[in-house]
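Here the structure comes first, spelled out in structure tokens, and everything after it is commentary.
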Number of protein chains: 4
Amino acid sequence: MFILVNLKAYPCDPVEVATAARDVADDSGVRIAVAPQAAHLSQVADTGVETWAQHVSPNDYGSHTGSTLAEAVAEAGATGTLLNHSENRMKLADIDASLDAAGRADLETCVCANNPEQIAGVTALGPDSVAVEPPELIGGPDPVSDADPDIVRNAVEAAAAVDDDVDVYCGAGISTGDDVAAAGDLGATGILLASGVAKADDPRAALEDLVAPLR
Amino acid sequence: MFILVNLKAYPCDPVEVATAARDVADDSGVRIAVAPQAAHLSQVADTGVETWAQHVSPNDYGSHTGSTLAEAVAEAGATGTLLNHSENRMKLADIDASLDAAGRADLETCVCANNPEQIAGVTALGPDSVAVEPPELIGGPDPVSDADPDIVRNAVEAAAAVDDDVDVYCGAGISTGDDVAAAGDLGATGILLASGVAKADDPRAALEDLVAPLR
Amino acid sequence: MFILVNLKAYPCDPVEVATAARDVADDSGVRIAVAPQAAHLSQVADTGVETWAQHVSPNDYGSHTGSTLAEAVAEAGATGTLLNHSENRMKLADIDASLDAAGRADLETCVCANNPEQIAGVTALGPDSVAVEPPELIGGPDPVSDADPDIVRNAVEAAAAVDDDVDVYCGAGISTGDDVAAAGDLGATGILLASGVAKADDPRAALEDLVAPLR
Amino acid sequence: MFILVNLKAYPCDPVEVATAARDVADDSGVRIAVAPQAAHLSQVADTGVETWAQHVSPNDYGSHTGSTLAEAVAEAGATGTLLNHSENRMKLADIDASLDAAGRADLETCVCANNPEQIAGVTALGPDSVAVEPPELIGGPDPVSDADPDIVRNAVEAAAAVDDDVDVYCGAGISTGDDVAAAGDLGATGILLASGVAKADDPRAALEDLVAPLR
């Protein structure tokens, strides 16, 4: 089970969360990564935690002011990137081009989508993983296992029908270790979460709770 | 074989092209539709030709100033719509929502995409048809059968692997009847074309040439 | 005082609202226009009411599938267009180009904006009019005269400081004749409204109430 | 005269250019800043050179995956930011909000625009400076002083008519020290340049040539 902590644009200390994530990952053996803002990538990577970008642009090197070049985030220490997060929806053609860009920079990729049809659609583009974000769970209090377990099961099936080498993560509705275990039971091999760790009073304790059922 | 004539924002007379398309369709028995600007839909539909929109917005009824509501284009006489044309690339989530909107308004749908991977991706969203637009052919002089026949074959295979009920059209590189026949030989069941008819000195003659091998 | 009724993507009958607007305008002598979806422009214009588009694209004639060409909306009967409505925010460079497009098609223009700074900004681009839409009033029940009269006064001043030939309309917080009168007292020479007429059980009565203080 | 070197997404070594810029600035007394990709900000700032972002997002802290938070670029060492570069055109409302965001993070701001009307428009939003980028000069070989000197003069006048506290920079057509001097003669108090330094075989020599007439 892979745990990816998305720091979004939260007013948290990225190094504090990254350090906690590194320590909990080392201690538990669970794979944990942290995805900060692009401007914070190098200081997060310096902690030694697995570091992901929140987005990379579809462009290659060139005249692209204000873009987030895949090669630049890799040089800053990222080894993976989210794409098409619900807060950053992309054009289909740009998801495809950003996957190419990520490939050139040796970044692992996780493409987010809303429902099983879109999950099948992005799986066809050949990412390493996809994350299903049921819209009714994003940012809400309900755990995915209670609120809409079928959407995860259906997303896992929809992705497998297109390409069974693509992992499916659960992209919303996770805040406790029980939720992580439930997502795993539904077929997810990873989870995305954000405020549950990034806005926790004690990010380390939040992460320890999440990994407890995985030890 | 279905022939869809996209009028884009060309300075042509939409009624002249529509009338020619209606007559050639009636005379040849070949299915031909015309896709004008939204503001020209009702006058094109009034000719009796099959009328498509160039785009519909992902939104439903509501507070959406400047949108192109699927129900409004249907009321104006459209019975189908293009989506995600290379000149109007859409977010993946919006293609999905526009397909839903088109379904509510009983519009047939054709989603465009650049390459076999994206064709598989949009096929997974459940449109009636998809159109492959090889970027190197868009707007150029080369016929698809010479320049890149494999991209059409591969698109047909990629779509069939996801859902073999979805038709595949050839969205670029068509200007003559021979090109239409070649596209059919590659597995396409329809073609999209634009300037070859819309900017022709004699749109009727251009259409007659296109349908000649299909009679 | 100019009254512009924006039909947005509401499920109203555009011809019913247009006919009522035409009759009330004729009867009262007050200038009233109706802005339907692009696909409904010709049938609205056929009623004889002053007809506006909700948006025009920045492009000229050419390969622009899915655009809303200024010339096409003019051919369908529009004599003016909104731009940059709060539901359809545009890039600054595109507002500028859409104003050029509208000029080529002899469309009157009204550019919306949120606050006095942006009102000054769009006034500098040379439209015929601007409309201030205080974000806290959009779609809400409060009349502009109660909720935030200074934003209208400040918008009028901000526009005049840049170009005093540009009219300033009040783009939110109007639902009754008293609101229209209050907007006029604050310096507005026109108003934009939407649901107050378009979603009224009796659009004609709603319009008659609006023009009552102007007779 | 302020010289701002935009590294875009060029395949240059940002630290090499930054170090050269720092040294030439120190040696000549001319103000020089470097604007790298967000992911490279901290290593550029560590050289001691004045560091700018290429863009900041309009959002504040919060759930905004993939945004470029003004506070994050400031923490990484940026003290200023470009906005609305011709390769990254923004919605008018977003330029306004990004200026607010930059203000919260104490970033100096420079908003780009194409022509005198748009320059007046962005000046009204209250940035520290604006940069005029004549479209016909962007990326081309012609110096601004030869190709279109009036656009700079007119931009300086247009900005001053709205707010004479806002500096006007010349955003294209600069590659030599003579061009810098010419831009100054036209009323510009700064210049933006990119490939002339970032893609130079010897960035230091290129910068020394640029500052020569300013010593």
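Just so it is clear, glycine is given a Cβ too, placed from its N, Cα and C backbone atoms.
Per TrEMBL, the substrate site holds D:ASN6, D:LEU7, D:LYS8, D:ILE138, D:ALA194, D:SER195; the candidate it also names there, chosen from D:GLY29, D:GLY121, D:GLY173, D:GLY177, is D:GLY173. Annotation for D:ILE138 (substrate binding site): spatial neighbours D:SER86, D:ALA172, criterion Cβ-Cβ under 8 Å with sequence separation of six or more. DSSP classifies D:SER195 (substrate binding site) as helix under the three-state reduction. Binding residues for substrate (D:ASN6, D:LEU7, D:LYS8, D:ILE138, D:GLY173, D:ALA194, D:SER195) extend across at most 16 Å, taking the greatest CA-CA distance. When Cβ atoms from all protein chains are considered, those within 10 Å of D:GLY173 (substrate binding site) total 29, not counting its own. Close to D:ASN6 (substrate binding site) in the fold, though at least 6 residues off in sequence, lie D:ALA35, D:GLN54, D:LEU82, D:HIS85, D:LEU192, D:LEU193, D:ALA194, D:ALA198, each with a CB less than 8 Å from its CB. Proximity to chain A, taken as a Cβ less than 8 Å from one of its Cβ atoms, holds for D:ASN6, D:LYS8 among the recorded positions D:ASN6, D:LEU7, D:LYS8, D:GLU133, D:GLY173. A C-beta separation below 8 Å, combined with a sequence spacing of at least six in one chain, links D:GLU133 (active site, proton acceptor) to D:HIS85, D:SER86, D:CYS112, D:ALA113, D:ASN114, D:GLY171, D:ALA172, D:LEU192. Within 10 Å of the C-beta of D:HIS85 (active site, electrophile) we count 27 further C-beta atoms, all protein chains included. Other C-beta atoms found within 10 angstroms of the C-beta of D:LEU7 (substrate binding site) number 26, with every protein chain shown included.
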